[in-house]
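A.B. asks: Supplied in structure tokens, the structure appears directly below.
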Amino acid sequence: MAEFEKSDIEWQPLALTLVEYPKGDLWGKFFAITSLAPFGIGSGFITLILFRRDLHTIAFFIGTLLNELMNIILKHIFCEKRPLSRGNLYNEYGMPSSHSQFIWFFSFYVLYFFIFRLHHIYNNNILSIVGKVIIMSSCFMLSLIVSMGRVYLEYHTSTQVIYGGIVGFINATLWFGVVHRILTPLFPQVANLKVCEILMIRDTTLIPNVLFFEYTKSRHEARTRGRKLAALKPVR
């Protein structure tokens, strides 16, 4: 009886990270791999939040979640099917493309962050400018590749991908405006809350170059501790 019940179970694959591509198609395999970029970015967010605990990173991540929620709502409003039926793999609707909406939201938010938050850091430093251009160019190139891949692999139509990108752009613009104009001035007060002190959540808005600050601070601390340890060693 138990064996019959087990064999009668219908197994449902987790389509969230499952991407199909034509066997032997190298371009298809390439696009299938790059389509996993949003999940890599999501993992990066979680890692940054756990190890850096910066309020702006948390706000950025909240924006991506709201962007995904908007995508779910829009899909159930339009109820437009995907171009290729894949049985039980993808039952949700295809308009707008969630991959396209996510990746363009991320890219435009990064662009705004560099323009409005990091514009004052080493403007005359050629290496810094080149680094910013490389990072922004890489984000937009990845966005194009992911969007093209969703059409190539027939998970979405061109229209679904374009509308996904447009919605992602609008959401990134609106959310960055909210964070930059409304939330950022409140970050110092939020960081002083007891719960933030317990969780060691911090506000680094007023620090121009966080990476350089942390580098110099840790280097000074390491040297200080090194001198103390050297002083404690017994003289032979």
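Here the Cβ of each residue, glycine as well, is placed from N, Cα and C on the backbone.
Any TrEMBL annotation is an automated prediction that lacks curation.
So TrEMBL lists the following for this protein:
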type: TRANSMEM; residues: 30-51; note: transmembrane segment
type: DOMAIN; residues: 57-176; note: domain 'Phosphatidic acid phosphatase type 2/haloperoxidase'
type: TRANSMEM; residues: 58-78; note: transmembrane segment
type: TRANSMEM; residues: 98-115; note: transmembrane segment
type: TRANSMEM; residues: 127-149; note: transmembrane segment
type: TRANSMEM; residues: 161-179; note: transmembrane segment
A.B. asks: Taking every residue in the domain 'Phosphatidic acid phosphatase type 2/haloperoxidase' (57-176), what is their average pLDDT?
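C.D. replies: Averaged over the domain 'Phosphatidic acid phosphatase type 2/haloperoxidase' (57-176), the predicted model reaches a pLDDT of 87.
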A.B. asks: Work out, from DSSP, the number of helix, strand and coil residues along the domain 'Phosphatidic acid phosphatase type 2/haloperoxidase' (57-176).
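C.D. replies: The domain 'Phosphatidic acid phosphatase type 2/haloperoxidase' (57-176) comes out at 88 helix, 0 strand, 32 coil.
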